[in-house]
Each structure stands twice: as structure tokens, then as C-alpha cells.
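S.K.: Below you will find the structure I want to go over with you.
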2 protein chains.
Amino acid sequence: MLNFDKVGGLISAIAQDADTGEVLMIAWMNREAFDETVRTNRAVYFSRSRNKLWRKGEESGNVQEVKGIFIDCDADAVLLKVKQIGGAACHEGYKSCFFRELTGDDLKVIGERVFDPKAVYGK
Amino acid sequence: MLNFDKVGGLISAIAQDADTGEVLMIAWMNREAFDETVRTNRAVYFSRSRNKLWRKGEESGNVQEVKGIFIDCDADAVLLKVKQIGGAACHEGYKSCFFRELTGDDLKVIGERVFDPKAVYGK
């Protein structure tokens with residue numbers, strides 16, 4: 001059903017707010033992450049930097065409840081429609097990780113902070 | 001501004017319908033593709049299978065006019081808000097490449113075909 005061979009056992013996973021359509025983040029999934037996501041209806045990714053499963057929200061509590069899973073034509077990417085608990089998907093405290101817009105040669109912050117990362121992660 | 005070092009000179013690029021919020025597709029960009037996208041306001045990707053720039057719509061005419069470019073927190077992914085000329089982003093003729101939904105153990109086609117790929121690509 002999915003092709004995990006293109007990027008070393010990984011596929012791309014996009015999370016989109018199921019209600020508003022806002023694109024929240026993009027991450028990686030290996031087969032195990034995908035299977036657990038399907039089984040639990042909570043988004044599970046694979047962290048390349050930590051080289052392990054990343055159960056989104058396991059630290060912050062901001063889990064993503066999965067409302068729908070869509071597969072692309074090449075079967076190497078999935079789109080999750082999710083309910084983002086806590087209101088913010090980004091570890092920097094913004095609703096979406098795409099909180100900066102390219103404006104001319106500059107990046108302009110267009111997102112609003114939902115939480116203070118220092119308070120949530122204690123760092 | 002962007003980190004092209006994580007996946008062999010590439011970043012992920014998501015295209016989203018600027019009006020409806022529908023996620024249309026995901027593809028790769030190298031630095032050249034990104035720069036040309038910014039310069040021309042048309043989506044240009046990098047095709048890994050063909051190993052060259054992929055000016056979206058160069059064959060089908062279904063170009064993507066770029067309305068906004070957003071960068072994620074890790075600076076390794078961009079979100080394009082686009083106007084999809086021709087109404088379909090997917091080479092299979094669907095509006096979105098994510099035209100199949102996981103339903104139980106099956107994939108169900110939930111998208112509607114906008115064009116017949118055979119007629120557009122002559123194959």
C-alpha cells in the first residue's frame with residue numbers, strides 16, 4: 001500500500017487541521033510509525049534526529065487525534081487530517097510549523113504563539 | 001534561510017490550494033527549484049526520478065501560480081499556497097494527489113477526476 005523504499009524506509013507525512021484545513025506540520029514516518037498511527041488514531045512519526053518513534057505530544061501533551069488518512073498517487077506520502085490537542089503543533093509554540101512567510105527577501109512571522117515553549121518543555 | 005542538507009540537497013514542498021485549503025501534492029525542491037519558484041511565482045520542483053528541474057505544468061499546462069510561500073520551523077520544508085491552473089494537480093487527473101483515503105484495510109478513491117491523463121499526456 002505504501003512505498004517506504006524511496007527515502008531510507010521513510011515516507012513523508014503532512015498533518016492538516018481537520019476543521020480549518022491549515023497545514024500544521026510535516027514529518028517522517030517509517031512503517032512502524034504508520035502502523036501505530038492507524039492502530040491508535042494518534043499521529044506517530046519517526047524522528048530522524050533521535051532515530052526513534054516520535055509519538056507526537058508524548059512530552060507536551062499536544063497529541064494529534066487522527067480523523068482521516070489519505071495516501072498520495074506515488075504512495076510515498078500520507079496526509080493526516082487531525083484534531084490538534086492544545087491548539088499548537090509546533091514545538092516553538094505556534095499552531096502551525098509554517099508560521100513564517102517569505103516576504104521579499106525576508107521571513108515574516110505570520111503565526112500567533114499559542115504557548116510558550118519554555119513553559120511547556122521546561123527548556 | 002533554508003536547510004538543504006538533510007535529504008541530499010532537497011527540501012520538501014507542499015502545495016495547497018490557496019482558496020480552498022485542499023492539500024494538492026508534495027514534491028521535492030533543490031535550491032535552484034526554490035529560487036526559480038520565488039523568482040517566477042510558478043511552482044518549480046525537483047524530480048528525483050528524472051534528476052532534473054520539474055516546472056510543474058510544463059507538459060500539461062497545469063501550472064501552479066504561487067500566492068504565498070511559508071517556511072517551517074526547521075527550515076527544511078516549504079508550503080506553497082497556489083492557484084492550480086486546469087483544476088488538477090495530480091498527473092492521474094485528480095485535483096489532489098491525495099485522492100485515496102484509508103478506510104479500514106482498503107484505499108477508497110475519494111477524489112473526482114478532473115481530466116483524463118491519457119488525453120492530456122497522450123499516454
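Cβ coordinates come from backbone N, Cα and C, glycine included.
Predicted automatically and left uncurated, TrEMBL annotations should be read as such.
Okay, so TrEMBL annotates it like this:
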- B:Asp72, B:Asp74, B:Asp76: Mg(2+) binding site (BINDING)
- B:Cys73, B:Cys90, B:Cys97: Zn(2+) binding site (BINDING)
- B:25-99: domain 'Phosphoribosyl-AMP cyclohydrolase' (DOMAIN)
S.K.: Give the distance between the Cα atoms of B:Cys97 (Zn(2+) binding site) and B:Asp74 (Mg(2+) binding site), rounded to the nearest whole Å.
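M.R.: Counting only the Cα atoms, the answer is 25 Å.
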S.K.: Have a look at the binding-site residues (B:Asp72, B:Asp76) and report the one with the fewest Cβ neighbours inside 10 Å.
M.R.: B:Asp76
S.K.: For B:Cys90 (Zn(2+) binding site) and B:Asp76 (Mg(2+) binding site), what Cα-Cα distance in Å is obtained after rounding to a whole number?
M.R.: 23
S.K.: So for B:Cys97 (Zn(2+) binding site), how many other CB atoms are inside 10 Å of its CB?
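M.R.: B:Cys97 (Zn(2+) binding site): 25 neighbouring Cβ atoms within 10 Å.
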S.K.: Which residues does B:Asp74 (Mg(2+) binding site) neighbour through Cβ under 8 Å, counting only same-chain ones at least six apart?
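M.R.: The answer is B:Asn3.
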